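Visitor: Got a structure for you, written out below as structure tokens; questions coming shortly.
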Amino acid sequence: MTSDLAVDLGEKSYPIHFPSDASAAIREMLATNVAAGRSNILLTDDGVARAQSKFLADTFGATPRLIVPAGERTKCLETFGKVLDFLAANRVNRQGVLWVVGGGVVGDLGGYSAASYLRGISYVQVPTTLLAMVDSSVGGKTGINLTAGKNLVGAFHHPKAVFIGREFLQTLPPREFAAGMAEIVKYGLLGDAALFAQLEQKPVDARSTELADVIRRCCQLKAEIVKADEFERAPEGGRALLNLGHTFGHAVEQVTGYTTYLHGEGVAIGLAAAARLSHKLGLLTPEDITRVEKTVAAHNLPIRLRGPLPLAELQNATTRDKKNRADGVRFVVMPSLGRAATRSGIAPSTVEAVWREVGAT
Ligand SMILES: NC(=O)c1ccc[n+]([C@@H]2O[C@H](COP(=O)([O-])OP(=O)(O)OC[C@H]3O[C@@H](n4cnc5c(N)ncnc54)[C@H](O)[C@@H]3O)[C@@H](O)[C@H]2O)c1
Ligand SMILES: O=C(O)C(=O)C[C@@H](O)[C@H](O)[C@H](O)COP(=O)(O)O
Ligand SMILES: [Zn+2]
């Protein structure tokens, strides 16, 4: 039995539950909502609707549901409009609760819809991918993509609760499991050297007995970082550290039109790139780069682009990153394995050299 965690944010605090029976725990909250006159409404995607049909039927019964297409392209203005229309068509009022069941795509989309509809209603995160369990369901970063770039529209809007049920992972395809591992390796590299060493010595897979503790540890790390810098406003470090590998990773996702690399795969390449950048800045040793790349690769993740991508487009995509300030693109680098820091003012030629090393042309 894994004990609950709390994301400690004053009035906005919420629990992360790790129930032994997610369906039962969720049914209890659904019933409590109904008793309090709060309507429940469900958002999921067609992949989850297929893979978890029994769970959805047993748990949510006749709750009105919107099923959106699976995949990153669903995180767009058009689908956002459809979610809002669905909430309005069901006459959801400010007491309504949106249940977001799925991976980070429906989590970000549903969270942003909940932030916007009637200027804000409650929502609950039920992550069904490993990535969503360790990262996207916690912290209240919600949003959608624009043609111009990834996550360019959104809001900080925290869920009422998060229910993490490892039983969902039984139907998760191996490639999606690996994508979640990228964010887990990220946590080790940015803030927990012991976690990184553990992953380095013994890669975690879907059957690992360590998995429950690793998921909880990542949620705990994220909750601490979010508590300290909820809106990513710290002048240096702070919540931006959760973006380790993402300046590179988001560029890869965007330049390939969100069709070739999963978010976690972009992050995996981004971690290798961040290690290489950290070396060029005199922070990490070549041995450190090898340790990072071996650990990422041992979790069935890419450390190089699968095919060449145009350097100019990749560089251009990084200029849209939300961490950027007047002095240019801001990267997250590693002073050592297990510690991260923000750094800007890096010469474009240095970043270009890193892009080439991971396969850009
Ligand atoms: N808000 C945040 O803090 C945050 C953090 C990390 C990532 N993200 C975002 O999360 C998204 C990626 O999330 P993701 O990796 O969960 O991808 P995803 O939401 O696209 O889900 C991956 C795929 O797995 C399927 N799926 C989900 N659960 C399943 C299950 N239990 N069994 C079988 N299939 C299942 C889905 O249908 C989908 O096809 C990206 O958009 C990324 O930007 C947000
Ligand atoms: O919660 C955060 O803060 C993160 O940066 C977590 C990231 O893993 C996640 O991919 C997030 O969506 C990236 O946010 P963005 O601000 O770079 O769009
Ligand atoms: Zn991420």
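Yeah, the Cβs are placed from backbone N, Cα and C, and that goes for glycine too.
Taken from TrEMBL, the feature NAD(+) binding site covers G104, V105, V106, G107, D108, T128, T129, K141, K150, F168, L169, Q170, T171. Positions annotated as Zn(2+) binding site by TrEMBL: E183, H246, H263. Under the heading domain '3-dehydroquinate synthase N-terminal', TrEMBL lists 66-178. The domain '3-dehydroquinate synthase C-terminal' feature in TrEMBL is assigned to 180-324.
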Visitor: Count the residues of the domain '3-dehydroquinate synthase N-terminal' (66-178) that DSSP assigns to helix (H, G, I), to strand (E, B) and to coil, and report the three numbers in that order.
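Guide: Residue counts for the domain '3-dehydroquinate synthase N-terminal' (66-178) by secondary structure: 50 helix, 32 strand, 31 coil.
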Visitor: In the domain '3-dehydroquinate synthase C-terminal' (180-324), how many residues does DSSP put in helix, strand and coil?
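Guide: Tallied per class, the domain '3-dehydroquinate synthase C-terminal' (180-324) gives 94 helix, 0 strand, 51 coil.
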Visitor: At a 10 A cut-off on CB-CB distances, which of the binding-site residues T129, T171 has the highest count?
Guide: T129
Visitor: Based on a Cβ-to-ligand 1 distance below 6 Å, what subset of the binding-site residues G104, T171, H246 would you report?
Guide: G104, T171
Visitor: Give me the mean pLDDT over the domain '3-dehydroquinate synthase C-terminal' (180-324), rounded to a whole number.
Guide: 97
Visitor: Excluding near sequence neighbours, so keeping only residues 6 or more apart in the same chain, what lies with its CB under 8 A of D108 (NAD(+) binding site)?
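Guide: Listed in sequence order, they are K75, S136, K141, T142, G143, I144, N151, G154.
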Visitor: Rank aside, I only need the closest one: which of the binding-site residues G104, V106, T171 has its C-alpha nearest to that of E183 (Zn(2+) binding site)?
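Guide: Nearest listed residue in space: G104.
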Visitor: Rounded to the nearest angstrom, how far is the Cα of H263 (Zn(2+) binding site) from the Cα of T129 (NAD(+) binding site)?
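Guide: T129 (NAD(+) binding site) to H263 (Zn(2+) binding site), Cα-Cα distance: 12 Å.
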Visitor: Would you mind listing, in sequence order, the residues at least six apart from H263 (Zn(2+) binding site) in the same chain with a Cβ closer than 8 Å to its Cβ?
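Guide: The list for H263 (Zn(2+) binding site) reads E72, G104, L131, A179, G249, E253, given in order along the sequence.
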